[in-house]
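Enquirer: Here you go, one structure.
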Amino acid sequence: MMPLEVLEQAQAELPDWQHTGMSVAEVSHRSKEFVACADHTQELLRQILGIPDNYRVLFIQGGAFGQFAGVPLNLSKPGDTVDFVLTGQWGTKAFKEAKRFGLNPIAVTDEKASNYTTTPAQGTIQPTEGAAYLHYTPNETIGGVEFGYIPETGDVPLVADMSSTILSRPLDVSKFGVIYAGTQKNMGPAGMAVVIVRDDLLDRARLDTPSIWSYQLMAENNSMLNTPPTFSIYLLGKILEWVIAQGGLDGLAVRNRTKAETFYAFLDASDFYSNPVAHDSRSWMNIPFLMANADLNKQFVAQAEQAGLTNLAGHRSVGGMRASIYNAMPQAGVDALIEFMKEFERVHA
Ligand code: PMP
């Protein structure tokens with residue numbers, strides 16, 4: 001979900017944005033109003049995440065999946081070794097995509113044995129010497145598996161797919177070579193990825209990298225090499241203003257932690273529901289849960305929907321249920337879910 005006040009603001013100014021007599025979706029991306037809007041969005045993101053000056057912020061189309069290709073194209077050449085830490089489905093998809101680019105991808109850690117319910121113990125990730133980068137997924141959205149630490153990779157640039165955890169808590173950007181995230185979780189509507197890239201990595205792209213995915217070309221053109229996803233950039237700016245009003249990432253971290261802890265405490269105390277993820281690897285954003293009797297899943301999801309609790313079906317690949325409690329979900333939403341679950345258990349246990 002997105003914050004309701006953001007949607008209401010956008011609704012109010014949609015027909016006549018900034019006295020242009022048009023909506024933001026209609027003005028030219030080269031108009032002074034839109035250029036100022038995109039600059040404002042970028043400035044807010046820099047301020048909120050404390051992005052150091054030696055990093056570029058790019059708005060790139062193609063979502064996070066686009067960056068599964070964008071990263072290898074920009075950071076490696078054919079034959080290079082690239083490292084992957086696999087803790088779930090999205091990292092595995094990124095790993096498979098890297099194989100399309102003539103690389104030698106190595107899974108330096110693969111948590112498959114735990115059925116992707118764990119993260120590697122801190123200090124155990126060993127990058128391959130000379131690897132072009134090491135890629136990991138700080139929060140695996142489907143499994144609800146989140147790292148409690150940032151891996152140390154020495155000279156090997158660290159690349160993170162932060163799609164489902166960015167802006168959920170403070171982050172030390174200086175530890176990363178590249179951070180990318182699809183925007184449709186904590187950053188607004190679908191349609192683009194935000195890429196944060198360290199300056200010294202800008203000149204490594206292959207010659208045949210499509211221009212719209214070239215970090216260097218996009219950086220040189222302030223993400224306006226072609227028409228950018230203007231509405232997504234505009235709405236991201238509004239969401240970032242909302243983030244500041246929530247007390248920034250410190251404020252959101254307290255709220256997110258409390259929401260997650262409330263829900264895990266409920267699941268752990270229950271004999272009827274369970275969460276399979278190791279305690280040190282539990283996501284603050286995506287919480288899968290199961291019932292011993294999986295035959296009840298359909299009924300659970302349908303009745304929850306009737307009670308106004310939506311999108312609770314687990315990912316189609318894993319089944320079960322999953323509560324997505326991104327930044328905009330209030331504590332009251334988690335409390336309402338717990339109340340519903342208690343009643344469902346009373347009837348069906
Ligand atoms: N990575 C992660 C961690 C995701 O959660 C998702 C989407 N849920 C993706 C990548 C793919 O993102 P997109 O649909 O924006 O390409």
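Cβ atoms here come from the backbone N, Cα and C positions, even for glycine.
This is the feature table in TrEMBL:
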- 2-337: domain 'Aminotransferase class V' (DOMAIN)
- ARG30: L-glutamate binding site (BINDING)
- TRP90, THR141, ASP161, GLN184, ASN226, THR227: pyridoxal 5'-phosphate binding site (BINDING)
- LYS185: N6-(pyridoxal phosphate)lysine (MOD_RES)
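Structural setting of the listed features?
Expert: Sequence-distant contacts of ARG30 (L-glutamate binding site), defined as residues of its own chain at least six apart whose C-beta falls under 8 angstroms from its C-beta, comprise MET224.
TRP90 (pyridoxal 5'-phosphate binding site) falls within a helix when secondary structure is assigned with DSSP. Under a cutoff of 8 A between CB atoms, and with a sequence separation of 6+ in the same chain, the neighbours of TRP90 (pyridoxal 5'-phosphate binding site) are ALA64, THR137, GLU140, THR141, ILE142, ASP161, SER163.
Spatially close to LYS185 (N6-(pyridoxal phosphate)lysine) yet at least six residues away along the chain are THR141, SER163, SER164, ILE166, MET285, SER324, TYR326, judged by Cβ distances under 8 angstroms.
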Enquirer: Of GLN184, ASN226, which of the binding-site residues has the most Cβ neighbours inside 10 Å?
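Expert: Within the set of binding-site residues, the most crowded position is GLN184.
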Enquirer: In the structure shown, with every protein chain counted, which of the binding-site residues THR141, THR227 has the densest set of Cβ atoms within 10 angstroms of its Cβ?
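Expert: Ranked by Cβ atoms within 10 Å, first place goes to THR141.
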Enquirer: Using a 6 Å cut-off on Cβ distance, which of the recorded positions TRP90, ASP161, LYS185 come close to any atom of ligand 1?
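Expert: Close enough to ligand 1 are TRP90, ASP161.
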Enquirer: Including all protein chains shown, what's the count of other C-beta atoms within 10 A of the C-beta of ASP161 (pyridoxal 5'-phosphate binding site)?
Expert: 29
